[in-house]
């Protein structure tokens with residue numbers, strides 16, 4: 001422990017700082033900005049690429065798109081294992097970024113129609129080649145972007161000393177700001193690039209440029225990150241920690257089951273049943289991780305609402321950039337004005353309370369969406385019910401179209417009012433759909449509430465996940481945080497498959513009600529949560545190794561062994577004062 005702290009302190013002294021912040025975080029933030037530009041830029045035109053270049057229909061394009069997004073949020077677990085157990089965060093980021101870059105380059109190549117356009121008619125002749133290349137590229141991108149997700153945030157947190165909690169919290173705000181700045185610019189620029197025409201033999205939508213620029217930004221991200229190598233504080237990997245954790249949990253459950261009779265005394269925590277085989281340091285670390293992961297259980301509901309914000313109502317593409325614009329504005333305001341003001345009012349606005357408020361703000365956003373949808377529905381025409389039949393005729397020629405209808409029942413024709421009286425028909429022009437008088441700007445209210453909720457919830461969650469994680473499982477817990485996003489999207493898919501409500505506003509109210517209920521549950525869980533200092537807890541158990549425990553169990557009475565026993569007794573006394 002002492003050698004580790006000495007090595008870290010020596011490295012820190014050699015790392016330059018500016019305004020109290022390590023200069024190394026500049027490279028990390030710029031890397032994140034470029035990487036997010038690359039990801040969101042590619043994703044912005046991906047469905048259009050599937051539909052208009054590959055030639056898939058809407059259903060298949062949407063399915064492949066959501067499968068890709070799901071993979072991007074499932075692979076962080078793999079990246080966390082690689083970083084914490086094998087390569088370390090720095091090497092994991094570098095190697096997976098190389099995979100990521102290769103994937104982006106392959107996507108750009110797959111969009112060049114001239115490669116297989118042998119007859120020069122402007123269309124690819126070998127669509128199988130382009131499809132296979134694009135699928136390979138997407139798999140590499142999913143592995144790369146998902147793999148580095150938990151590593152970059154945790155690696156940035158590693159650059160700060162324990163006493164720099166305020167600076168580290170500000171870093172996560174800046175980090176999240178860089179994510180949305182990259183998203184904002186790429187969402188604006190990439191569609192413009194796609195709209196250009198390019199090609200050797202024939203001019204087509206320039207998907208190669210739309211994918212090529214994000215690939216170039218990923219190269220820049222990799223170069224910038226490697227450039228800061230000499231300034232980084234790097235934590236060495238601790239071996240296959242996740243495998244040890246799983247074995248420790250399995251042994252504790254098995255041992256507890258084997259000693260379930262009342263003659264065996266109860267232990268303070270069920271993980272304490274692993275003490276016969278595993279050292280107390282590992283058990284304490286597992287307790288910390290499980291405690292935070294248990295707290296994550298309600299969180300996917302927030303992401304279930306957040307990822308639907310693009311579906312409030314049918315809207316122009318420009319409205320989708322409102323969220324990143326508001327985030328770029330709100331993050332500095334919250335960090336430099338709102339939080340300090342709350343602190344001056346002597347309000348203990350803890351991280352978990354912030355996250356609860358963020359969830360409630362997201363619920364309010366959906367309530368606002370429901371109210372707006374009700375107003376919009378009032379301007380919609382009355383469509384035929386299930387017992388009625390609607391027939392439409394489209395006349396594209398400037399000629400008369402004879403229409404014969406048998407029967408004497410009254411019928412309606414949108415655009416006209418038709419009635420039959422014996423053999424005489426009266427035809428009057430009417431207005432079937434009134435102009436929508438609700439301005440598009442009313443949607444900004446939902447986006448504002450949702451953005452405030454995101455800033456309070458997500459930025460705080462990133463910092464909380466790092467601060468409460470053991471030193472050897474920072475990336476694993478970041479991956480657990482990202483996994484809540486994937487589960488949230490799965491919730492949306494389940495609800496969609498189960499069938500939607502007849503009215504859109506009712507669906508918004510349903511999701512808002514579910515999130516309010518989940519927020520209450522989370523608030524109760526947060527009330528009973530005891531914040532931990534992982535470094536302090538690990539320090540208490542650092543001197544207790546399995547060999548020492550064996551010596552105690554064998555009853556060895558030498559001076560050295562008595563010292564071990566006394567040391568262990570002292571540690572056990574401290575354990576009772578530390579709530580895990």
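Even glycines carry a Cβ here, placed using N, Cα and C.
Small disclaimer: the values here were computed from a predicted structure and weren't measured.
The compositional bias 'Polar residues' annotation in TrEMBL covers 558-572.
The region 'Disordered' feature in TrEMBL is assigned to 554-580.
Counting same-chain residues at least six beyond the ends of the transmembrane segment (62-81), those with a Cβ under 8 angstroms from any Cβ of the stretch are 39, 43, 46-47, 50, 56, 92, 96, 138-139, 141-143, 145-151, 240, 242, 475-476, 478-479, 482-483, 485-486, 489-490, 493. Taken from TrEMBL, the feature transmembrane segment applies to 62-81 (among others).
Annotated transmembrane segment per TrEMBL: 93-112 (among others), in sequence order. If you look at the transmembrane segment (93-112), the same-chain residues 6 or more away from its ends with a CB under 8 A from one of its CBs are 35, 38, 42, 49, 53, 79, 82-83, 87, 130, 133-134, 136-145, 147-148, 151-152, 155, 207-208, 210-212, 214-215, 218-219, 221-222, 225-226.
What TrEMBL records for 132-157 (among others) is transmembrane segment. Within its own chain, the transmembrane segment (132-157) has Cβ neighbours under 8 Å at 25, 28-29, 31-32, 35, 39, 42, 49, 54, 68, 71-76, 78-80, 82-83, 89-90, 92-93, 96-107, 109-111, 168, 171-172, 175, 232, 462, 466-467, 469, 474-476, 478-479, 481-482, counting only residues six or more beyond its boundaries.
Under the heading transmembrane segment, TrEMBL lists 169-189 (among others). Residues 21, 25, 28-30, 32-41, 44, 153, 156-157, 159-160, 213-214, 320-321, 323-325, 327-328, 331-332, 334-335, 455, 458-459, 462-463, 466 of the same chain lie 6+ residues outside the transmembrane segment (169-189) yet bring a C-beta within less than 8 angstroms of a C-beta in it.
Residues or ranges marked as transmembrane segment by TrEMBL: 209-234 (among others). When Cβ-Cβ distances below 8 Å are used as the criterion, the transmembrane segment (209-234) is approached by residues 8, 11-12, 15-16, 22-24, 26-28, 30-35, 37-39, 41-42, 45, 49, 88-90, 93-94, 97-98, 100-101, 104-105, 107-108, 110-111, 155, 158-159, 186, 189-191, 193-194, 196, 198 of the same chain, each at least six residues removed from its ends.
Within its own chain, the transmembrane segment (288-306) is flanked in space by residues 245, 249, 271, 352, 355, 358-359, 362-363, 365-366, 450, 453-454, 457, 461, 464-465, 468-470, 473, 476-477, 480-481, 483-485, 487-492, 495, 511-512, 514-515, 518-519, 521-522, 525-526, 529, 532, 534, 537, 580, which lie at least six positions past its ends and keep a Cβ under 8 Å from the stretch. According to TrEMBL, the transmembrane segment annotation covers 288-306 (among others).
Under 8 Å from some Cβ of the transmembrane segment (321-342) lie the Cβ atoms of residues 170, 173-174, 176-177, 180-181, 183-184, 187-188, 309, 349, 443-444, 447-448, 450-452, 454-456, 459, all in the same chain and six or more residues away from its ends. Per TrEMBL, the feature transmembrane segment maps to 321-342 (among others).
The transmembrane segment annotation in TrEMBL covers 354-376 (among others).
Within the chain, the transmembrane segment (444-464) has long-range Cβ neighbours (under 8 A, six or more residues past its boundaries) at 153, 168-169, 172-173, 175-176, 292, 299, 302, 305-306, 309, 312, 319, 322-323, 326-327, 330-331, 334, 351-352, 354-355, 357-362, 364-366, 368-369, 372, 478, 481. Sequence annotations record features per position, and here TrEMBL assigns transmembrane segment to 444-464 (among others).
Long-range contacts of the transmembrane segment (476-496) within the same chain: residues 66, 69-70, 73-74, 76-77, 79-81, 84, 146, 149-151, 153-154, 241-242, 289, 292-293, 296, 299-304, 306-308, 461-462, 465-466, 468-469, each at least 6 residues beyond the stretch ends and with a Cβ under 8 Å from a Cβ of the stretch. The transmembrane segment annotation in TrEMBL covers 476-496 (among others).
Per TrEMBL, the feature transmembrane segment maps to 508-532 (among others). Only residues 6 or more beyond the boundaries of the transmembrane segment (508-532), in the same chain, are considered here, and those with a CB under 8 A from a CB of the stretch are 288, 291, 294-295, 298-299, 301-302, 304-305, 308, 312, 350, 352-353, 355-356, 359-360, 362-364, 366-367, 369-370, 373, 468, 501, 579-580.
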